[in-house]
Amino acid sequence: MSQFDRIHLVVLDSVGIGAAPDANDFVNAGVPDGASDTLGHISKTVGLAVPNMAKIGLGNIPRPQALKTVPAEENPSGYATKLQEVSLGKDTMTGHWEIMGLNITEPFDTFWNGFPEDIITKIEDFSGRKVIREANKPYSGTAVIDDFGPRQMETGELIIYTSADPVLQIAAHEDIIPLEELYRICEYARSITMERPALLGRIIARPYVGEPGNFTRTANRHDYAVSPFEDTVLNKLDQAGIDTYAVGKINDIFNGSGINHDMGHNKSNSHGIDTLIKTMGLSEFEKGFSFTNLVDFDALYGHRRDPHGYRDCLHEFDERLPEIISAMRDKDLLLITADHGNDPTYAGTDHTREYIPLLAYSPSFTGNGLIPVGHFADISATVADNFGVDTAMIGESFLQDLV
């Protein structure tokens, strides 16, 4: 019999809690990540008030220096620790795949200076359309169509851009480049980015409509992803007939592998929390696992190096945490974590190699305290242990510590 009927894992995308031991092996604009500290620097520079996460034990997590404005609790309501990444990468897919039990020894490729000319020319030759070179770099998806949509409407050129993650995105006005054509181009782009030196996690079709100054992305987005190279704990649960619910971009990250209920993309963190609470309230969700990603911390504030916005986003999540807790059933377990860091005070605009926090809460807890410092995959090992399925490649369960 499972210790918990349901486990809800919430990833606060990029909310790291201090440089990992190997952080200096990773760089931002030529600066090693060794001094990065997402939560620590936000707390120190702009202040951070997250009383609900603090109550569970966020301020109790061991650090060289305590979080300046997040006090430790004498009697926390749950358990806390920090986890280290093993895999050779600091991107979203690597972090999530490791959380679900895989060790990624060959990281995906990211393109901070845009895609190489040979990829661009291959897409041009295949599609018969030119590519707007000025857009070929990491770009906000809304800003890139604001900046280059008018030109695309005049010339029919493709808008190809990337982000901090290993993705190639193609934006196309639906009245200029029909959806079927866009999808066909994306399928081709997928076929030429399956191995080094351009091993990408996803190709994303980003259709939009409207007029200059009033463009809107449509629901016709399509992701061309790769599935994990081995079974994750999601697959183990699915194979055992256990419900797995994905909220936000989780389904995309795993290419649907091991997920039997996709609850859709999030329009915002708040929308994602609404969807999570709705999922938790489903009468048919009696036993199983929900997996939620809240991406605004990373996409809107981390990459843009906006500590004030990042802080406010954390405050907004913390204010809604009691709603999530209220939706829990007596034998539910809530796990709150991250997938990498993205220190908004740091050099560059890339993710940062950090420990991730882990907070655990259940209405059934009779104890509290610290869990030993472990690794990302310990989360999936704990989920597997609880539901009686095999673990994936790596991970050690801490289920026995949750009493």
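Using the three backbone atoms N, Cα and C, a Cβ is placed for every residue, glycine included.
The following features are taken from Swiss-Prot:
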BINDING   Asp13, Asp339, His340  Mn(2+) 1 binding site
BINDING   Asp298, His303, His351  Mn(2+) 2 binding site
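Annotated features, which come from Swiss-Prot, shown on the structure.
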| residue | record | Cβ contacts under 8 Å, 6 or more apart |
| --- | --- | --- |
| Asp13 | Mn(2+) 1 binding site | Thr92, Asn293, Leu294, Val295, Asp296, Phe297, Asp298, Ala299, Ala338, Asp339 |
| His303 | Mn(2+) 2 binding site | Pro138, Ser163, Ala164, Asn342, Thr349, Asp350 |
| His340 | Mn(2+) 1 binding site | Ser14, Gly16, Glu85, Lys90, Asp91, Thr92, Thr94, Gly95, His351, Thr352, Arg353, Glu354, Ile356 |
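Taken residue by residue with DSSP, Asp339 (Mn(2+) 1 binding site) is part of neither helix nor strand, so it is coil. Neighbours of the Mn(2+) 2 site: apart from Asp298, His303, His351, residues of the same chain with C-beta atoms within 8 angstroms of the site's C-beta centroid are Asp13, Ser14, Ala164, Ala299, Gly302, His340, Asn342, Thr349, Asp350.
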